[in-house]
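In what follows, a single structure is set out as structure tokens and then discussed.
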Amino acid sequence: MGSCVSQQADNSYVVSNRNINKLIKEDEKKLKTEVKLLLLGAGESGKSTILKQMRLIHAAGFTNTERETYRSIVFTNITESMSLILESMEYFKIPFSDSENSQYLSLFHNPSPSIVKGRPFPIQYLNPLATLWADSGVQSCYEKGHQYALQDNMNQDILRCRMKTTGIVETVFQLSPLTYRMFDVGGQRSERKKWIHCFENVTAVLFIVAISGYDQCLVEDKDANQMQEALMLFDSICNSQWFVNTSMILFLNKIDIFREKIKNSSVKKYFPDYTDMIENLSLLFLDQVIAIIVGVSLIFIIKFLLFRNEVVKFVVEVPIATGQLLDTIRAHTKDDVKEALKKARDAQQNWVKTTFSERKRVLYSLLNFIIKNQEEICWVSSRDTGKTLVDGKFGEILVTCEKIRWIIKHGEKALATEYRGTSPVLPHKLAKIEYQPLGVVTALVSWNYPFHNVFGPIISSLFVGNGILIKSSEQVAWSMQFYSKIIKTCLMECGHDPDIVQFLCGFPECGEAVVRSGVDGITFVGSCEVGKQVMKAASDNLTPCILELGGKDCAIIRHDANLSQALPITMRGTFQNAGQNCVGLERILIHESLYDGFVVMVAEQIKRLKVGSILNDDDVVDIGAMTMSGQGERLQNLIQASVSEGAKLVLGGRPFTHPKYPTAQYFEPTLLIDVTPNMTILKQELFAPIMIVMKFSTDEEAIEICNSSPFGLGNSVFSGDQNKGEWMARRLRCGMVNVNDFGATYLCNLPFGGVGISGFGR
């Protein structure tokens, strides 16, 4: 059926259509240049404060008239808070320290008068406020403020004074070329029903959580915890149909208040579900979270995100060398461990059938890659840990390549079948020893040499026919992303299943899951404390363990030693990798006849050492960053304790502030002399650029001092008499000894390991 319209109607339609298309294009253009942010969060989270900050920084700020209105708000905050404290004193049955102060009860129980524009606070409130605040009973009740929703104490009037948000507050500001529209809605339960009107076309949800509220109750429900409420709300928001395709940003607020609270209050009390995961929450939970926001130099933070009813943890790396965010990597879980073990076991069924020639081909591929890309490998390690490039090439590349070469050349012979003779009464018997793969093993390795520590166990495990799970430290999660691809690429290049090697990175619960997973062998490289936990967990399945733990290595310089030879070796043994070596020299014992001369010579050498970062310093640096967070204060306290015990601090002894990275963590190369065996600093591993110098009179005294430590990893003896040096070396209680040298560990054809609390299994 046909139809027709008049020319006039047709023209009208065209005009209307053009106008509609024009509006659509304008809207499309507007959408491309406009960012709509929805601020959500529970009550007291600080959403309004963020809105004020954005207004101060990116908009016109506050007019004088608006500032004037805040005088009344500040006054109301003060008087209402005091009223709440006084009411709570009655509830908690806390008396005034001065009974006469009860006369002010009626003053604060009545509604506060309003502030008249241009007039000061009502005088009748000033003296009573000061008097009550000085009352110890009031202070005692104030400390319990988290139990009755007392407002956080603040002195920044406009920015942080408390004013309940009702309805929806929109703020628009411009950051060329984009326009930002931020919507703040009330966080109280009664206000949340209004959020629905803001959900449409949201670019992102900025969810605010006040971490200082971990011990606070809600204003509207004294039995509910503020942070628990925030987490439940965040969970519901993430699972809401409205936000399926919306970006979610979790912002942790009120850091300064949290820092003060955590000194006297345990987070574990309010979050019992995480007790097993976190022993010291001030170090391993929220304190780590807030560090990245305030710029404190920490290596990682832990972030809990509730998403689709699942708790997901992330390793967020902030390298100590810069104190700046590097990356966010998802931490592996127990389920990830199970999946990794299954993949490795499946792949090992075929790998065990390969010949030594096939395995050597993989190692040749790996060796060639390392040699060709050694600069990049060193840079990644240095970027992640803060070490110098020299330490990277020496401790990462050289040692790893030598191990690969040795295994390629001698590995097959070392694993060859051994025939043993039989007794004359059994001449017809044939006795032989054959070496068989264990199956799938694991290596939980430390962070100080991320490349070498990972590839050491990989190359030996692959060569004998094992599959392997590598659990790296969360401190070096970033570099593991790169290093894991190297071996997997080499395996695929040679036609093998890359799943034979599995990489895991996570927190203690991930490591525990690996140890308890049912692997066929465990190698652990790390601290003594964690090593004990690994051994206990491994005992459940009677899994064999090799533990490579800490050290307190000693260098004994006898009276006949050549100081010009001993000096550079002890310098390297102490300051290599900023002293972060399990076999680093942490005690230098000097014969009394050489003591003064050595101190003068070594002090001159230490003065010349330059501390810095490969990322910024033009000149060559000798000492890199301290990879582990929080070491500066610990080391400084140990040094100060030693000085109070009689030691003498010659150089250093305090953190070093990098001119470009003020939040990064470095420590000055330190010389501490006149140390005696009973001092506190000798009772724990330092892992730092600190040279400790001690004096001895006789060989017997030196041996006694050296053996007095519960550690027993490696030692060195310097002597002009080789035989005498070896005689002394045999009397030292340790796993490895060097004579006139340091670093037997670089000889990969020798066993590595210690005795005592330094581990076993070499």
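Note: Cβ is positioned from N, Cα and C throughout, glycine not excepted.
What TrEMBL says about this protein:
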type	residues	note
BINDING	44-49, 159-165, 184-188, 253-256	GTP binding site
BINDING	SER48, THR165	Mg(2+) binding site
DOMAIN	316-762	domain 'Aldehyde dehydrogenase'
TRANSMEM	283-306	transmembrane segment
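On the structure: features taken from TrEMBL.
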residue: GLU44; record: GTP binding site; CB count, 10 Å: 25
residue: LYS47; record: GTP binding site; CB count, 10 Å: 27
residue: SER48; record: Mg(2+) binding site; CB count, 10 Å: 22
residue: ASN253; record: GTP binding site; CB count, 10 Å: 21
residue: ASP256; record: GTP binding site; CB count, 10 Å: 13
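Mean per-residue pLDDT, taken over the domain 'Aldehyde dehydrogenase' (316-762), amounts to 93.
Distance noted between the C-alpha atoms of ASP256 (GTP binding site) and SER48 (Mg(2+) binding site) is 17 Å. SER48 (Mg(2+) binding site) sits 11 Å from ASN253 (GTP binding site), taking the C-alpha atoms as the reference points. The DSSP secondary structure for SER48 (Mg(2+) binding site) is helix.
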